[in-house]
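Quick look at what TrEMBL annotates:
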| type | residues | note |
| --- | --- | --- |
| TRANSMEM | 128-148 | transmembrane segment |
| TRANSMEM | 164-181 | transmembrane segment |
| TRANSMEM | 193-211 | transmembrane segment |
| TRANSMEM | 231-252 | transmembrane segment |
Amino acid sequence: MPLSTLRVSLPSLRRTRPAPQGVRGRIAHAVVSRLRPRPVPPVDRRTRLAWQVSGALPLIGCLTSFPIGMSKDSMVIPGVGYQGGFPAGWSHALNQPAYFTWLSNALVAGTSLTLAARREAPTSDAFWAVRTAGLGSVMVTGIVYNAVLRGREQDTVLYRFNDALQHIVNPVLAPAVWALFDPRGQITPRRAGLASVIPLMWAAVTMARGPRIDWYPYPFLDVPRLGRRSVGVVLAGILAGFTGLMGVLGTVDRRLGLA
């Protein structure tokens, strides 16, 4: 065989991998394919527009939180055990990121607008971990708010708009856009595990900060009244729900990828 023919044939042999044989081979191939993210396809205009909208709305929610903080004292909830709070002004405005609502909307806004701005979607584990954390967090925000916190005082038009946007609209819109437009195969076990670090860090900072300033962002985190053990159980339940949502998102991601 001529040497030139041999040079052409060798790369093709290296690129060709035999299909896995037998039950064990097929199982191993299926497991590996789930652990690895899929290639990200090109972005079309409709997808980019969906990401722009789903990023702009939570960004508006986050930004409108600051004038609310400037004009209103932090909410006084009857019966809580802590005495601290924030008067209207810069201290209350700059405290807005302490709320899980603000954090979850900021994560969705940042990742959605990043996807919309890039010619090709990112492929890094870090980006998709943050994206997944934002989706799970904003869904937890919607569930907890509508189950526990809804119905509290909303005395201005801006407050009502901000409240509806962050707690009702975005928790529905973000997962809907993800299901319809995000590239499939991006929620791997590794990325889901990394995503869980973000709510864990928020909980750790909140619990460490609370005794120092005698204030907690939500009444179900009221350590002086409920005790650390009870609050720990509540946080464990919320984090377990978040982990469950990661599993649901991963399963839906794989199923949609097969459709």
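Just so it is clear, glycine is given a Cβ too, placed from its N, Cα and C backbone atoms.
The model shown is predicted, which means the values in this text are computed figures rather than measured ones.
Here the transmembrane segment (231-252) has long-range neighbours at 132, 135-137, 139-140, 143-144, 175, 178-179, 187-189, 192, 195-196, 199-200, 203, 207, 220-223, meaning same-chain residues at least 6 beyond its ends whose C-beta is under 8 angstroms from one of its own. Remote same-chain partners of the transmembrane segment (193-211), defined as residues 6 or more beyond its termini with a Cβ less than 8 Å from a stretch Cβ, comprise 82, 98, 100, 103, 107, 125-126, 129-130, 132-133, 136-137, 140, 217, 221, 223, 231, 235, 238-239, 242-243, 246.
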